[in-house]
Amino acid sequence: MNPYILSTLLLGLGLGTTITFMSSHWLLAWMGIELNTLAIMPLMAQLHHPRAVEAATKYFLTQAAGAATLLFASITNAWLTGQWDIQQLSHPLPMTLITLALALKIGLAPLHAWLPEVLQGLDFTTGLILSTWQKLAPFALLLQIHPPNSNILIFLGLTSTIVGGWGGLNQTQLRKILAYSSIAHLGWMLLILQFSPSLTLLTLLTYFVMTAAMFLTFKTNKTTNINALATSWAKAPALTTLTPLIFLSLGGLPPLTGFMPKWLILQELTKQSLAPTATLAALTALLSLYFYLRLSYAMALTSSPNNLTSTPAWRLPSTQNTLPLAITTALTIFLLPLTPATMALLTI
């Protein structure tokens, strides 16, 4: 892609998210989200492949439906209450509609069906943008309107953790597995949203770091399915040694970084007298942990072509920058000792 066009599209992504962050008016927030959607569409379709065009079309139709619902709900709120302020959302009808519209935009279950299909048609770089940056603007709105004592957030959160764990069990395509992993992590964030917004932000940032490490690992190895993972030893032995730790961190096992947000979320849910919810969320994390272990086995404990039939790719020296991968991998593995400092920041 022409670097000037690419710079314009990336500027549009940043500008759209910034507009939504800074807005206190529903129309301005809607405009920022739409700018985000329009900026990422050419990045999705840049491969000129039928699968990429299909993914871009599905994404556009889904985001258009979510944006239309968001605009309708904000107009309904203005009609019922006479104001457009985001933080003054008081009527339950527009609040429910806006919550569902934002859930559709970020891919929460049961409004998640578009996310694995769209992510499967993208390259890893665009998929990383879709899985991280594109979540920021809707989450900013959810943090501003988070309704107190809202059962819909608990329902969406638990459904997402269950679907995210269950849906990834029978997948062989890595991008679909990452999509279901994203759905499960977003469910954990939504469970705690109304009780501790600062903990939701911590979980979101931790998820961004771990997901970036995972996408960059697969991009470095040029692997798109589980069978191709078996050739990782020959491509990058050191990275193959560390990648199972990234998988286990995504699964939330100590002593890795991913354990910290899950531990704090379960602690906060128990404090809020939601022990059954915390128990169910912890059980659904085992489903996600299963397919993370499956990926670890295929990548680090299998030598191609002994057990897995795969076509080895022609190996050339990698020319891409590995510094972002090194940074995100280190953060994914070693941040748990900072938990006391993190808890101190959360209580400020």
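Each Cβ is built from the backbone N, Cα and C atoms, and glycine gets one as well.
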For the record in TrEMBL, which of the ranges 19-37, 133-151, 152-170 is the transmembrane segment one? 152-170
Proximity verdict for the transmembrane segment (325-346) and the transmembrane segment (59-80), three or more C-beta pairs under 8 Å: no
Within the domain 'NADH dehydrogenase subunit 2 C-terminal' (289-342) only, compute the mean pLDDT. 79
Test of understanding: applying the rule of at least three C-beta pairs under 8 Å (pairs 6 or more apart in sequence), is the transmembrane segment (201-218) touching the transmembrane segment (152-170)? no
As a test: from 92-115, 201-218, 273-293, pick the stretch that has the greatest number of Cβ pairs under 8 Å with the transmembrane segment (59-80). 92-115
